[in-house]
Amino acid sequence: MKALSKLKAEEGIWMTDVPQPELGHNDIMIKIRKTAICGTDVHIYNWDEWSQKTIPVPMVVGHEYVGEVVAIGQEVKGFTVGDRVSGEGHITCGHCRNCRGGRTHLCRNTTGVGVNRPGSFAEYLVIPAFNAFKIPDNISDELASIFDPFGNAVHTALSFDLVGEDVLVSGAGPIGIMAAAVCKHVGARHVVITDVNEYRLDLARKMGVTRAVNVSKENLNDVMAELGMTEGFDVGLEMSGAPPAFRTLLNAMNHGGRIAMLGIPPSDMSIDWNQVIFKGLFIKGIYGREMFETWYKMAALIQSGLDLTPIITHRFTIDQFQQGFDAMRSGQSGKVVLSWD
């Protein structure tokens, strides 16, 4: 079958032929319809320090997808051939304390689809049936293909009560923008997003944020005054991984504020811990999605009217994958979707 693979320990990604994956007793086989390019895939393409330490070569990459079930293992219940599914990209062990306690997103033995095992940039994908999620009929293939990153956004945004709260989102990448849109949809008052990339700030404006602030040109304190905010933000979502952005967020938080962190800093990061201590801030680390509460909330948010379509800015066939990666690497894109149909 055709697959996009990391074939060499250098920059790039290559289309190749690989054997069709084998189906286990508890697995389902998915014929891929659409895949989306993740920031992780860009890291793998660039062959940065993280990728060199993490990715075995060769490896079929990709973990954002939607497809159709075409085969089912003999022990599988709850799925039938023809079901339209996406799936949780974190494969968990099932026997550690967190798995057995129902906190599977905190499994210490997690492996990643398209990272540690063959991924979804292929004609067919095999995953444990436990990881599959049926897509409701009224949700499009395109939106379903970005459920993985949308789940990061939902998990981060819904970590705290948002109704009537003022929210600061640092980092206007696709996940940050989707998180901001979730906050507005569920009842936050002011949702302010910061970045230095004007293209993505414009995208955030299209998604309905209260203010999209280019911090290289505009002072956040002035924006807060403009909005009539006198005490700081109640909730902070750190989506950038940029130390200066996190420090700005800490400065802008109200006393007793709550912060969810999804962005991954490139190296050790120093902050003024006095801000955390004397403001009584609560900081929560976010990894992946809650299985499967986040997934049900994703579907419900879209069904209740949350419009994510503006976040998908580029569409290509799988044979145009290089154009897709070029768009993602340029920083002048939202989500990029590749069609296998």
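Cβ coordinates come from backbone N, Cα and C, glycine included.
Residues or ranges marked as active site, charge relay system in Swiss-Prot (evidence: sequence analysis): THR40 (among others). Of all Cβ atoms in the protein chains displayed, 23 besides its own lie within 10 Å of the Cβ of THR40 (active site, charge relay system).
What Swiss-Prot lists as active site, charge relay system is HIS43 (among others). When secondary structure is read from DSSP and collapsed to three states, HIS43 (active site, charge relay system) falls in the helix class. HIS43 (active site, charge relay system) is surrounded by 16 other CB atoms, counting those within 10 A of its CB over all protein chains shown.
The Cβ of GLU64 (Zn(2+) 1 binding site) has 31 other Cβ atoms within 10 Å, all protein chains considered. According to Swiss-Prot, the feature Zn(2+) 1 binding site maps to CYS38, HIS63, GLU64, an assignment based on sequence analysis.
The feature Zn(2+) 2 binding site is assigned by Swiss-Prot to CYS93, CYS96, CYS99, CYS107, with sequence analysis given as support. Counting Cβ atoms from all protein chains shown, CYS93 (Zn(2+) 2 binding site) has 14 others lying within 10 Å of its own Cβ.
Take the CB of ILE286 (NAD(+) binding site) and look out to 10 A: across all protein chains shown you find 21 other CB atoms. Feature annotation from Swiss-Prot assigns NAD(+) binding site to ILE175, ASP195, ARG200, LEU262, GLY263, ILE264, ILE286, TYR287; the stated evidence is sequence analysis.
Within 8 A of the CB centroid of the Zn(2+) 2 site residues CYS93, CYS96, CYS99, CYS107, the other residues of that chain are THR92, GLY94, HIS95, ARG97, ASN98, ARG100, THR104, ARG108, ASN109, THR110. The residues near the Zn(2+) 1 site, meaning same-chain residues not in CYS38, HIS63, GLU64 whose C-beta sits within 8 angstroms of the mean position of the site's C-beta atoms, are THR35, ALA36, ILE37, THR40, ASP41, GLY62, TYR65, GLY89, GLY114, GLY119, SER120, ASP148, PRO149, in sequence order. Secondary structure at ILE286 (NAD(+) binding site), taken from DSSP and collapsed to helix, strand or coil, is coil. Taking the C-alpha positions, the distance from GLY263 (NAD(+) binding site) to THR40 (active site, charge relay system) comes to 12 Å. ILE175 (NAD(+) binding site) sits 13 Å from GLU64 (Zn(2+) 1 binding site), taking the Cα positions as reference. Of all the binding-site residues listed here (GLU64, CYS93, ARG200, ILE264, TYR287), ILE264 has the Cα closest to the Cα of HIS43 (active site, charge relay system).
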